[in-house]
Amino acid sequence: MFKHETVLLHETVDMLEVKPDGIYVDATLGGAGHSEYLLNKLNEKGHLFAFDQDQTAIDNAKIKLADYSDKVTFIKANFRDMKEALNERGIEAVDGILYDLGVSSPQLDERERGFSYHQDAALDMRMDQEQELTAKIVVNEWSYQDLIRIFFQYGEEKFSKQIAREIERRREVKPIETTGELVDIIKTAIPAPARRKGGHPGKRTFQAIRIAVNDELGAVEDSLEKALTLLKPGGRISVITFHSLEDRITKHLFQEATKGPDLPPGLPVIPDEYKPDFKLATRKPIVPSEEELEQNNRARSAKLRVIEKIIK
């Protein structure tokens, strides 16, 4: 069964200030926890569009949300294509959008999906099982320099060069097929004292490959930029991030959106067209409570940022 602990459930949805008759988007359906809570706040005129590129997530959500079937539309697509998918359905503007950028726990835990460094499986890591690029292709075919780049940029891995060099050495002998083989390579490449600190030695490398396979950061940036153009005045976007890379992108985009155009010097009054279109609804990110952390350790690195389109 598709089980997933929803992080910052009430905070994320409540910060959208849901209107009962509004149109909302869950950009990352996953285990449907946020969707269920949001649907509960909508009347018969309200509607939710729920996106996921994983068919398993959609199939399970249809069962979980069966009582709300007339209020929800499921769309199998990457959230970077959200605006186009909504426009195709006649939706030009919405009242709120939420993102939970954590990988769904069920995907991490399904052995055959090849996300986990705890279980041996084929190197896969695709969110969308229909796409061609897999972790196996990245590990076996990408250049030494490209591997260093993704391990350093996406994994913030100090031993990027050593790991890339060991991958290169091993794949010359035979293709690297499984997550278990990759874990063994990482453990060989990282010096013993460093291996004993800071959690599993494969964590950063696996994160980097997963981000590369799914172009996660590019998708986040594209999607958020489009999401800002979809908001009605007074509408809000809630974004939960789980690592510094996504949080940096979200923070930067939100800050840029709240600036407004450059002002000509010497204006006594600021004309409306020079006032910003957006304001931050969260000056500092909202983080999980101690109580939530006790129940769900995966929430530890979660941060929630919210932006609002200003009514002029």
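Cβ atoms here come from the backbone N, Cα and C positions, even for glycine.
Taken from Swiss-Prot as is:
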- ALA32, GLY33, HIS34, ASP52, PHE79, ASP100, GLN107: S-adenosyl-L-methionine binding site (BINDING)
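The secondary structure of HIS34 (S-adenosyl-L-methionine binding site), as reduced to three states from DSSP, is helical. With a 10 A radius on its CB, HIS34 (S-adenosyl-L-methionine binding site) counts 28 other CB atoms from all the protein chains.
Taking Cβ-Cβ distances under 8 Å and a sequence separation of 6 or more, the neighbours of ASP52 (S-adenosyl-L-methionine binding site) in its chain are THR28, LEU29, GLY30, ILE58, ALA61, PHE74, LYS76.
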